[in-house]
Amino acid sequence: MAYPGHPGAGGGYYPGGYGGAPGGPAFPGQTQDPLYGYFAAVAGQDGQIDADELQRCLTQSGIAGGYKPFNLETCRLMVSMLDRDMSGTMGFNEFKELWAVLNGWRQHFISFDTDRSGTVDPQELQKALTTMGFRLSPQAVNSIAKRYSTNGKITFDDYIACCVKLRALTDSFRRRDTAQQGVVNFPYDDFIQCVMSV
């Protein structure tokens, strides 16, 4: 069974360029990368960034383009999506993965924001999710639209938060769906950990 939000699985995000960014010396064992300058400007000596630092990094990089910078809660979601060791931080390689994902989602948002208002409506959200490979019931899409829209419009920041949460929950579900049947059975405590970690 193919899962949305994974490269090669029909959706979720698209590989993208990394854009221009100042380079810099790498942490030991890492080669220089164009994104390193943004990352190193906010990372501590441990080579990790938390949600506050990620917010500063993304704001300084201008990845949001003409849209409002990401709020702290969206940055927390981004960190949790890639926080495989549950440290509450991300390293440079995770940051590069996030950068590629964000660029893909940003391009996707732009393609559905046809009036260039900086928002999409619930119908456009449904189309966007479908083209990313998410096969959701109308009831699920309605719940998502209610959660992420304000006055019937979904901002870029909320769109990204929605994409992050869908990917993180899909990843969590996928790890438990070992038979790839689209159905899982797991303990309540495990469910709470899955949902509360994103």
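Each position is counted from 1, following the chain as shown.
Using N, Cα and C of the backbone, Cβ positions are placed for all residues, glycine too.
What Swiss-Prot records for 29-64 is domain 'EF-hand 1'.
For 70-103, the entry in Swiss-Prot reads domain 'EF-hand 2'.
Annotation comment: Swiss-Prot describes Asp83, Asp85, Ser87, Thr89, Glu94 as Ca(2+) 1 binding site, evidence class sequence analysis. Sequence-distant contacts of Thr89 (Ca(2+) 1 binding site), defined as residues of its own chain at least six apart whose C-beta falls under 8 angstroms from its C-beta, comprise Asp46, Gln48, Ile49, Asp50, Val79, Asp83.
The annotation domain 'EF-hand 3' is assigned in Swiss-Prot to 100-135 on the grounds of sequence analysis.
Feature annotation from Swiss-Prot assigns Ca(2+) 2 binding site to Asp113, Asp115, Ser117, Thr119, Glu124. Reduced to three states, the DSSP call for Thr119 (Ca(2+) 2 binding site) is strand.
Within its own chain, the domain 'EF-hand 4' (134-169) has Cβ neighbours under 8 Å at 4-5, 11-13, 64, 67-71, 73-74, 77-78, 80-81, 101-102, 105-106, 109, 113, 117-122, 125-126, 128, 194-195, 197-198, counting only residues six or more beyond its boundaries. Residues or ranges marked as domain 'EF-hand 4' by Swiss-Prot: 134-169.
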Top Cα neighbour of Asp115 (Ca(2+) 2 binding site) in the set of binding-site residues Asp85, Ser87, Glu94: Glu94
Listed in sequence order, residues not in Asp83, Asp85, Ser87, Thr89, Glu94 with Cβ within 8 Å of the centre of the Ca(2+) 1 site Cβ atoms: Gln48, Val79, Leu82, Arg84, Met86, Gly88, Met90, Gly91
Cα-to-Cα gap, Ser117 (Ca(2+) 2 binding site) vs Glu94 (Ca(2+) 1 binding site), nearest whole Å: 31
PLDDT averaged over the residues of the domain 'EF-hand 2' (70-103): 90
Neighbour count (Cβ, 10 Å) for Asp113 (Ca(2+) 2 binding site): 19
Number of other Cβ atoms within 10 Å of the Cβ of Ser87 (Ca(2+) 1 binding site) across all protein chains: 12
